[in-house]
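Undergrad: Just passing along the structure, written as structure tokens.
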Amino acid sequence: MTGELSPADKAKSVAANRAAGYVEDGMRVGLGTGSTAAWLVKRLGERVRADGLRFRGVPTSTRTAAQARDVGIEVITLDEAGWLDLTIDGADEFDSDLTLIKGGGGAHLQEKIVARASDRMIVIADAAKEVETLGAFPLPVEVIPFGLKSTQKLIEEALVAMDVGGRTTALRMNGDAPFVTDEGNHIIDLHLQRIGDARQISTVLNQIPGVVENGLFIDMCDLVIVGHADSRVDLHHLGKEST
Ligand SMILES: O=C(CO)[C@H](O)[C@H](O)COP(=O)(O)O
């Protein structure tokens, strides 16, 4: 995270630095997972060390927990926090309703629990994450290992029943073995191409036995901060945009 940054990393760090300004003394803050969230954790660590910022962070993955501790952030569990003032996280896609696809990093289960237990959720992103219609990014679905193949079959049948455009599903791999989440589960990525009715898809998927949680975040995000490589920032509130 040092030296000459690529334009994408610069954009992510610009968004993260702006979001870090929303964290105030005494807050309990959900810390997201992924490359953009890593910039946030880095910046918050700098604020802790340089400005004496005092807040407690609830990480959404073992990766983020390790980084947060490394940079000097006080880490607590969600149960210790009870409730959160704010969660800041990345996203794989967001649309004009601030509906999100998350889980590209495989952490959407903890991310959704943490975001849902927060007064406010801010998403940080580069401009490539903004879409007119969700679904070009594969929708991650966390499933328990038991009965994996029958769960995958039921998901595929549900996609046919909902008449969703793309219906290809793929078990996420980590080399030769299935990817394993922090909860010991697996992820099936749904290549839908286009998500028309996010609410319907989310509800139907979560009703299938074996499915733990899907990566659609609906009515959770309050603000998206988009960073640009030239240091500009766009703020997407529900229904309006500002800089
Ligand atoms: O949902 C996530 C992890 O589960 C990430 O927030 C999402 O994948 C975006 O990651 P990145 O900032 O690396 O593009």
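In case you wondered, yes, glycine gets a Cβ from its N, Cα and C as well.
Heads up, TrEMBL stuff is auto-annotated, nobody curated it.
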Undergrad: Would you identify which residue of K129, K149, K153 TrEMBL lists as part of the substrate site it also attributes to T33, G34, S35, T36, D89, G90, A91, D92, K102, G103, G104, G105?
TA: K129
Undergrad: Given the binding-site residues T33, K102, K129, which lie close to E111 (active site, proton acceptor), meaning Cα to Cα within 10 A?
TA: T33, K102
Undergrad: Taking the recorded substrate site as T33, G34, S35, T36, D89, G90, A91, D92, K102, G103, G104, G105, K129, identify the other residues of that chain whose CB atom sits within 8 Å of the mean position of the site's CB atoms, giving them in sequence order.
TA: G32, A37, A107, E111
Undergrad: Max Cα-Cα distance in Å among T33, G34, S35, T36, D89, G90, A91, D92, K102, G103, G104, G105, K129, the residues listed as binding substrate?
TA: 15
